[in-house]
Amino acid sequence: MLLKRIAPQLIALAALILLVTLVYPGFLDISINDGRLVGPVIDVLKRGAPVALLAVGMTLVIATRGIDLSVGTTMAICGAVAAWAIAAGWGLVPALVLALAAGAAAGLWNGLLVAVVGIQPFVATLILMTMGRGIAQLITEGRILTFNHPGFAFFGSGTVLGLPVPAWLWLLTGAGVALLMRRSALGMLIEATGINRRASALAGVNATVLLIAVYVASGLCAALAGIVVTADIRGADANNSGLWLELDAILAVVIGGNSLLGGRFSILAALLGALIIQTIDTGILLAGFPSEYNLVIKAALVLVILVLQSPRIAAEWRIWRESQRASREALAERSRT
Amino acid sequence: MNTRALPLYATIVIFLIAYAICWLQFPAMLSTRVIGNLLTDNAYLGIVAVGMTLVILSGGIDLSVGSVIAFSGVFIAVMLRDSSLHPLVVFAMLLALTTAFGAAMGFLIHRLAMPAFIVTLAGMFLARGAAYMLSIDSVPITHPFYETMQDTYWLMPGKGRLRLIGVLMLLTVLAGMVIAHKTRFGASVYALGGGEAAARLMGVRQGRTTVLVYAFSGCMAGLSGIVFSIYTGSGYSLATVGTELTAIAAVVIGGTLLTGGAGYMFGTLIGVLTMGLIQTYIVFDGTLSSWWTKIVIGILLLVFILLQKGLLKLSQSRLAGGVS
């Protein structure tokens with residue numbers, strides 16, 4: 001059942017890996033160096049962390065029929081807050097807590113605008129998307145705020161049990177949220193809100209609180225992504241941190257087969273979508289194309305994957321197979337008589 | 001009273017109030033110079049917003065337009081640099097190209113039943129990538145015809161200059177109003193945005209309408225690219241990043257529902273002018289640093305949407321009270 005749900009994503013990922021291996025034969029090589037795993041695949045797991053983390057929160061938001069355009073700027077804000085706290089000598093734990101609090105606050109703001117004020121999610125989160133970079137620049141005072149703190153840098157470049165910490169972060173976040181959603185009724189309630197908010201409210205679901213919680217979750221995921229990016233470059237870049245990553249995150253969710261109309265979601269599939277996007281990015285880099293071609297190749301690959309996954313193609317394929325079977329049976333019927 | 005037009009009236013009223021507040025603070029705001037510049041500076045945004053309005057009315061969204069504008073600029077600049085073609089010929093080629101691009105996206109959206117958000121997102125990557133492939137550097141445009149176009153203006157009373165591209169924007173909005181509100185195609189677009197099943201029952205040719213809507217948006221993005229290249233006198237592949245979101249914001253401020261089916265083309269003009277007014281106010285103020293500019297634009301956007309919502313609710317409850 002689960003395998004069938006994520007089969008298209010797995011096939012797409014396998015085909016991509018095959019394609020990349022053809023142009024860059026060493027893609028699947030993994031070696032152990034200083035107790036840490038090294039290789040392009042590990043690199044995909046590490047570099048895919050920001051989009052994968054964003055995709056977890058975005059999946060929940062999209063499941064409620066919403067969209068969160070502000071996650072990229074939330075990353076920038078949280079990164080700036082963390083870097084500012086570290087540079088000011090607050091220490092590691094307060095810096096992390098502050099960054100997460102900033103992410104939760106951003107999510108709360110979005111959630112209130114959507115659930116209480118009733119602004120369309122696209123517009124509500126567009127407001128923070130416009131303002132956010134300004135806020136992040138305000139915190140860093142327009143500079144790239146650098147710091148040197150080994151404990152904080154660990155979140156970007158550290159290793160645990162051979163795997164990079166960013167990879168652990170998104171794996172654990174994804175698994176944790178997926179378990180929370182599926183082992184409790186939360187997932188079902190979110191889906192109900194996405195299908196029909198009024199009806200679910202009449203059925204006793206506290207849709208307002210649920211919606212706000214979903215945007216807060218998205219903000220927290222963005223905060224984690226912001227921490228990873230900031231720790232990785234040991235500095236907060238208010239202008240470029242998370243720039244346009246909201247689009248990649250939405251793309252990951254959709255490649256994962258989740259409908260933008262909400263009502264049904266799979267975090268696992270969205271994470272696979274994020275891996276597909278990162279494999280495309282890393283593969284293009286490894287294949288050594290001139291960088292001007294990257295976007296065009298990425299667009300073409302994404303289009304091919306989406307076309308192959310499109311519900312209409314699947315429906316036509318099913319109709320074609322049914323008709324094949326029908327004609328085969330008719331043939332068998334005729335040969336019997 | 002037509003309740004569907006309420007958001008439009010709300011938008012117009014708020015715009016006038018906002019303008020009055022700006023005028024009280026800076027009396028020069030009402031001069032024809034400022035008004036002329038308001039039209040010139042926002043010409044490219046206005047044109048692309050006309051296409052976006054139609055797309056949003058049909059229940060879709062077009063994220064590719066910012067990239068298409070950048071591509072158009074680079075395409076024109078490179079063609080004028082490397083060939084001896086007349087700009088008008090290049091314009092025609094470009095418009096054919098961007099219209100076909102839009103139509104192709106519309107075809108994919110309809111035939112594959114894929115969300116417009118994602119198809120046009122891929123289109124956004126594609127157009128931006130194509131612009132990079134043409135040139136990564138900014139390419140200047142030096143053609144006598146361009147200089148003539150840049151220098152063409154009508155001197156309004158009070159020394160304000162109504163430039164060619166500003167007039168072009170107003171004409172485009174006028175054409176958009178006719179298309180959206182007076183033609184059969186426009187009616188089909190509204191019907192499609194109102195609900196696919198109902199549209200089908202009404203006999204709207206869904207596929208054809210979808211393809212035409214995105215082709216129109218592509219054409220407008222190309223035209224906007226031409227205007228932008230006249231405005232800046234160059235083509236640059238990194239230009240107009242995020243313009244699609246500004247255009248969407250302008251359409252929404254103009255009172256068009258993002259879910260489709262309800263809204264007015266004239267509202268979009270007001271939306272574009274509102275965005276321009278905010279920018280002009282910030283320039284007049286002069287004390288805001290670049291990051292404060294972004295924050296203030298966000299806050300004003302929020303205030304505008306909240307006011308619109310409040311005004312709407314107020315008039316609707318009064319209307320409901322009058323009936324009962």
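The backbone N, Cα and C atoms fix where each Cβ goes, and this holds for glycine too.
Long-range Cβ contacts of the transmembrane segment (A:49-67) within its own chain (Cβ-Cβ under 8 Å, at least 6 residues beyond either end) map to 75, 114, 121-122, 125, 166-167, 169-170, 173-174, 177, 181, 190-191, 193-194, 197, 210-211, 214-215, 217-222, 224-225, 228-229, 242, 245-246, 248-250, 252-253, 256, 258-267, 270-271, 273-275, 277-278. The transmembrane segment feature in TrEMBL is assigned to A:49-67 (among others).
Feature annotation from TrEMBL assigns transmembrane segment to A:79-102 (among others). Sequence-distant contacts of the transmembrane segment (A:79-102), counting only residues of its own chain at least 6 positions beyond either end whose CB sits under 8 Å from a CB of the stretch, comprise 136-137, 139-140, 145-147, 149, 151-152, 220, 223-224, 226-227, 229-231, 235-238, 241-242.
Here TrEMBL flags A:108-132 (among others) as transmembrane segment.
For A:144-163 (among others), the entry in TrEMBL reads transmembrane segment.
The transmembrane segment annotation in TrEMBL covers A:202-231 (among others). Counting residues 6+ beyond its ends, the transmembrane segment (A:202-231) has Cβ neighbours under 8 Å at 49-51, 53-54, 56-58, 60-61, 63-64, 66, 68, 70-72, 74-80, 82-83, 96, 99-100, 102-108, 110-112, 114-116, 152-157, 166, 169, 173, 177, 189-190, 192-193, 241-242, 245 in the same chain.
According to TrEMBL, the transmembrane segment annotation covers A:243-261 (among others).
For the transmembrane segment (A:268-289), the residues of the chain that approach it from at least six positions outside its boundaries are 2, 5-6, 9-10, 12-13, 16-17, 19-20, 23-24, 27, 40, 43-45, 47-48, 51-52, 55-56, 58-59, 170, 174, 178, 248-249, 251-258, 297-298, 301-302, 305, judged by C-beta separation under 8 angstroms. The transmembrane segment annotation in TrEMBL covers A:268-289 (among others).
Same-chain residues lying 6 or more positions outside the transmembrane segment (A:295-315) and placing a CB less than 8 Å from one of its CB atoms are 8, 12, 16, 251, 254-255, 257, 276-277, 280-281, 284, 289. Taken from TrEMBL, the feature transmembrane segment covers A:295-315 (among others).
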